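S.K.: Next up is a structure, given as C-alpha cells.
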Amino acid sequence: MTTPALLPLSGRRIPTLSPGASSFPHHRATLRLSEKFILLLILSAFVTLCFGAFFFLPDNSKHKRFDLGLEDVLIPHIDPPKEGKHSSGQVVIHGQGGHDEHRHREEEESLRDKIRADHERALQEAKEKLRKSREELQAEIQTEKNKVVEDLKKKDSGPKPLPPVPMPKVVGVSDGEPLEPDVKEKRDKIREMMKHAWDSYRQYGWGHNELKPLAKKGHSTNIFGNSQLGATIVDALDTLYIMGLHEEFRDGQEWIEQNLDFGVNAEVSVFEVNIRFIGGLLAAYYPLRTGSKCSGMAVFKMKAVQLAEKLLPAFNTPTGIPWAIVNLKSGVGRNWGWASAGSSILAEFGTLHMEFVHLTYLTGNPAYYQKVMHIRKLLAKMDRPNGLYPNYLNPRTGRWGQHHTSVGGLGDSFYEYLLKAWLMSDKTDAEARKTYDDAIEAIERHLIRKSNGGLTFIGEWKNGHLERKMGHLACFAGGMFALGADGSPDDKAGHYLQLGAEIAHTCHESYDRTVLKLGPEAFKFDSGLEAVAVRQNEKYYILRPEVIETYWYMWRFTHDPKYRQWGWEAAQAIDKYCRVSGGFSGVKDVYSSNPTYDDVQQSFFLAETLKYLYLLFSSDDLMPFESWVFNTEAHPLPVLHLGNITLPGSEPARR
C-alpha cells in the first residue's frame, strides 16, 4: 500500500516529508505553518466567546414525528421524564415547585462562569504560543503529526479482541460411527465423495468461490460480487471436520487466516453471505468434538464479526428491513432489479436470526440481536392476507409487494428460522414458536393439498389463486414439520410428524419418476401429471440438498429404514450421473438418459448435500438435536442454554 501524500491534522493537511529530507524544507513554508497554528488558536477563542451566548437561547424547536402508520416500530424513541402541566399549559417537572426560577438562574450563572474560564484559558494558550520560537512550534507540529500517524497505525492494526464468553455447553458429541457394517460402508462412500469434491476444488479452483469441474477452473456468481472470497472453503469447513478430514480442514483454516478479506469493492447478497460465510465461520469456531484441538479457533469468530460489520449498513432503510445486496466496501445497499417493485424478499431478510443472535452472544454487541428482533416486531404488526406472509416487502414504505406466498423459493427459510429460533433459545423464545405455529396453520389451510393420486404437496399462492406446483426447495418442509412436531399446539405432534412423512414421500416420488433418479427443480400436480416437471427450465438438478435433508430428519425421528434406502438411492445417482473427473456437476435434464452438465460444483453441495448424507448414515449421537440446531446452509450452531438470562420476547427457561 502506498503512503498517502497528505495526512489530516486538526482539520488541516501537513505535507509528508520523504526519508532523508530536511525537517525545514524552506523558510516561508515554516512560517506559514506556524502562523496557521497561532491563528487557529486565536480563532477557537473567538468562536468560544462569540457563540457561547447561544447556550442561553430558549429552546423553541418543534419536533414532528414521521408517520408511516408503524411509528412505534420504525421510529426509535426515548421515554421522556415524567411531566405535568399547569392550568396555563406550561410544562413543569414534578417536585420542583417555586424553586425552578432560582435554580435556573444559578445554572445560567454557572454556565457563564465556565465560558469566561474557557475564554481566558484559550487566550493564555495563544499568548504562550506567541512567545515560542519557530523551532519549538515546528517541533510541536511534528509531534502532533507523529501522534496522528501512530493513531492511524493503531486503527489499522485490526479489530479489538472480542470479550470472552462461556462456550455453550455441548454434550453427547461423538464421531457417530454406525454399528452396522453395511451402513458404515455407505458412510465411507459419502466421505470419499466429499474428498473427491474437495480435492478437485483444491486443485482447480482454490480461492475461488466455486468450481467449474469440466472446465477445471474457478467459478463465481453475482451473489458473491464476482470476488474471490473462497465460498467453498468456508462453506465446507464444518463438513470436513465432522467427517474427520482434519488435514483438509487445516488447509481451509490456513487459507482463511491468510487470504479471506472482506474489504473488497464488491456487491454481495446479504442473505447468501450470512448463511454461508457467517454461518460457516461460526460453525467452524464452535468445537464440534469435546477436547478438540483443531476447531474453536479464534480466527473464525473474528472473521465472522468482521463480515457482520460489513452487512450492518444494509439495514439503513426507512423501515429497518435490509436491502438484499450491499457493497462490502462502501456500505451502499440496493435490491434485486427483478424483485416486485423494489421489494426485499421474505426468505432473505427473514433468515438472519440464528447467526445474528450468536453474533450478539459472542461479541456482547446488542446491535445484531436488535436488528433481527426489529424485523420480527414490524412483521407482527402488519396485516397478512389469509394469515399468509407474502414473499415481497418494500423496505422504503413498509408495505407488501406482490401477493405471492411460497414455502419454496423466496419464502422457505423464513418459516424454518422461526422454528429454529425457538429451538436455539433452548425453547424459551415463545414469541418465535407462536409465530411459527400461526404461519404453519395458515399454510396448511391454504397451500397444502392432496393430488388425485394421493400425493401431499405444498402449492404456491398467487393473487388469491393456488398454483399446483411444488419446488425442490419446498421439499425441506418435510423435515421442518417433523422437527417442529414436538411442542406443537393442541397435541398435534403426531399430525405434523405424519405430514412430514407425506411430504418426504411426495419428494421421493419426484426423484423416482425421472430417468436419472434425481429430482427436478419444480414439479406439477395437474393435467394428469403428478410430481413431474413440465417446462424444460424446471427439469434441471443442481446438486440440491433439500430432499436428502428431509430424509435425515425423518430418519432421526422415526428410524424407518426406507429413509436410509431413499438417501442411498440419491447418493448413487449423484455419484453416477453428476460425478466427473474434476468434481461434481449439476445436470440440465433429469429426464434425459444422456444428460448435459451445467459445469458448476455448488458450494452448498459440500456444505449441505454431502453432510446430510453423511449424517443419515451415522449414529444419532453425532450432532444430537438437544445440543445443535442447523442453519439453512446446514451449518450447526449450538443451543444457547441461557439459564435465567432471557432475551426480549422470550420466557424464562423451563427447568
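Cβ coordinates are placed from backbone N, Cα and C, and glycine is handled just like the others.
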S.K.: Tell me which of Cys507, Cys578 TrEMBL records as disulfide-bonded to Cys475.
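M.R.: As annotated by TrEMBL, the paired cysteine is Cys507.
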S.K.: How many whole Å apart are the CA atoms of Glu546 (active site) and Glu272 (active site, proton donor)?
M.R.: 16
S.K.: If one looks at the chain holding Glu521 (active site, proton donor), which residues at least 6 apart in sequence have a CB under 8 angstroms from its CB?
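M.R.: Spatial neighbours, sequence-distant, of Glu521 (active site, proton donor): Gly471, His472, Ala533, Asn537, Glu538, Lys539, Tyr540, Tyr541, Ile542, Arg544.
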S.K.: Excluding near sequence neighbours, so keeping only residues 6 or more apart in the same chain, what lies with its CB under 8 A of Asp412 (active site)?
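M.R.: Residues satisfying the criterion: Ala347, Ser406, Leu473, Ala474, Phe476, Ala477, Thr632.
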S.K.: How many Å lie between the Cα of Glu272 (active site, proton donor) and the Cα of Cys475 (disulfide bond)?
M.R.: 20
S.K.: Which of Cys475, Cys507 has the fewest nearby Cβ atoms, counting only those within 10 Å, among these disulfide-bonded residues?
M.R.: Cys507
S.K.: Suppose we draw a 10 Å sphere around the Cβ of Glu546 (active site). How many other Cβ atoms does it contain, all chains included?
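M.R.: Taking every protein chain into account, the count is 23.
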